[in-house]
């Protein structure tokens with residue numbers, strides 16, 4: 001096919017002749033049209049050789065062009081030569097090292113080994129562990145900075161202001177600092193360099209550990225006064241602002257779908273950062289700091305052009321990544337999986353059954369590292385802490401407190417055999433639960449933590465929080481259920497405002513209720529869910545009692561109620577079961593029991609860290 005353009009230039013499409021590759025395949029970014037990139041792919045542990053990609057030229061030829069005597073194939077990944085180490089031995093000595101090869105290191109007499117004693121060549125073209133260095137105490141101000149695999153170094157004196165310079169051997173290129181200076185504090189400027197092949201890339205975990213430390217340390221409390229960790233920190237001056245600028249290449253060579261993928265990954269990072277729970281200890285700086293990080297993604301990377309764009313003295317600023325999915329995984333590692341925010345949680349992590357001598361099982365939510373919130377009816381008269389088992393870090397129970405107004409027999413004479421108003425209790429553990437991916441506290445109403453999660457500024461109030469979380473006539477909520485070893489998510493809709501009366505009237509069909517006034521059994525302290533309208537809700541089962549009824553607000557999960565009782569027993573022992581026309585569930589609205597929660601969780605004792613409850 002030949003296209004004619006006004007300027008008289010002849011444009012030809014490329015062909016797929018001789019483009020096949022032994023052991024792998026390829027993809028075209030824009031079919032066979034001019035500017036299309038043919039990208040080769042190999043299984044893990046291999047890389048395309050002799051070329052990673054080819055570009056279709058206007059004359060219909062590929063650049064670089066295929067060679068008859070050098071066919072395209074998948075080649076075993078090679079790692080840089082580690083035999084550059086001084087004053088020691090690399091075992092085994094080889095001309096080349098490929099993926100899976102292991103090396104061990106020892107030093108000559110009088111020298112001490114720092115770094116890894118054993119390393120393995122990884123599928124991404126890098127060595128595991130850290131650079132082995134054989135050094136001796138020579139009285140130098142700075143330690144021997146070593147020589148990374150594949151590199152050469154000039155400079156062997158390590159006193160104050162002495163300089164070492166690095167270059168990479170062969171067809172390797174340098175990432176990191178090519179020049180480092182010994183400082184008075186005994187530290188080298190810059191970042192330890194590394195030598196990369198064109199097929200070398202950084203994994204998501206490596207990038208999150210290097211770049212993520214800057215983001216995490218910017219969005220969390222800065223407490224340490226003698227930082228020794230290597231991760232780059234961005235400190236915010238008092239009344240200052242952290243500005244994060246993100247640039248994405250939108251040149252004509254970037255396909256629309258690749259741009260959209262990059263945009264989506266960036267938006268994901270922005271959203272997660274924006275929703276981060278932020279508390280700062282301010283450190284006043286008298287100078288501004290600018291850091292520019294470059295994420296080079298894909299097969300054709302112009303390292304010589306991109307690497308100079310990085311700015312920042314400390315920490316790694318240039319990253320090579322295989323594809324956009326690696327970048328998305330990196331942002332998940334940096335922000336989404338961080339346990340530093342108490343409001344971004346794994347839903348199944350905060351509910352654990354409580355078992356009693358009466359073989360009664362309930363659920364509860366971890367609301368602080370020391371306290372579990374559950375239902376009062378989970379306890380029977382005569383229960384003691386020894387009778388309560390919490391399946392969470394094998395935590396021992398110190399005590400439990402029921403709401404002082406809870407009285408299950410309070411309205412027997414009014415036709416309500418079991419009255420569940422104020423059906424709320426707190427369990428205090430002997431020790432704090434270790435916060436992890438498996439156990440994190442959930443936000444509860446009327447606390448400063450929840451105001452931060454909702455992005456309420458100034459002196460926010462409980463009412464403002466309630467207006468954000470329970471603002472609609474039909475409010476979608478969730479709670480969990482446990483069936484054997486699995487955890488299920490239940491979808492329900494709280495009927496509020498004008499819809500509440502029709503919902504709560506079904507309480508009159510419950511066993512043990514003979515009153516004609518549903519409000520006797522269902523006070524204003526309850527939320528009502530269940531039924532078929534506007535959507536068919538799930539129904540609570542026995543065993544779900546005490547569990548958190550929560551709302552997902554953007555990227556936050558906030559508990560607004562707890563499962564109390566229902567009008568109809570439709571399932572036993574948990575499970576995801578749908579409601580029918582008459583079944584309804586009633587949940588204690590946490591906004592109605594704040595005084596009780598505050599009296600315990602907000603009690604500023606030395607015994608445990610309190611929550612910060614709002615004044616209004």
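Placement of Cβ uses the backbone N, Cα and C atoms for every residue, glycine included.
Predicted automatically and left uncurated, TrEMBL annotations should be read as such.
Marked as disulfide bond by TrEMBL: 107-134, 168-195. TrEMBL lists 10-76, 77-136, 140-197 with the feature domain 'Sushi'. Per TrEMBL, domain 'Peptidase S1' is recorded for 334-602.
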Cβ neighbour count within 10 Å of residue 134 (disulfide bond): 21
Residue 107 (disulfide bond) versus residue 168 (disulfide bond) - Cα distance in angstrom: 23
Residue, out of the disulfide-bonded residues 107, 168, 195, whose Cβ gathers the largest set of other Cβ atoms within 10 Å: 195
Residue 195 (disulfide bond) to residue 107 (disulfide bond) - Cα separation in whole Å: 23
Residues of the domain 'Sushi' (77-136) by DSSP state, where helix covers H, G and I: 3 helix, 25 strand, 32 coil
For the domain 'Sushi' (10-76), residues assigned helix / strand / coil by DSSP: 0 helix, 32 strand, 35 coil
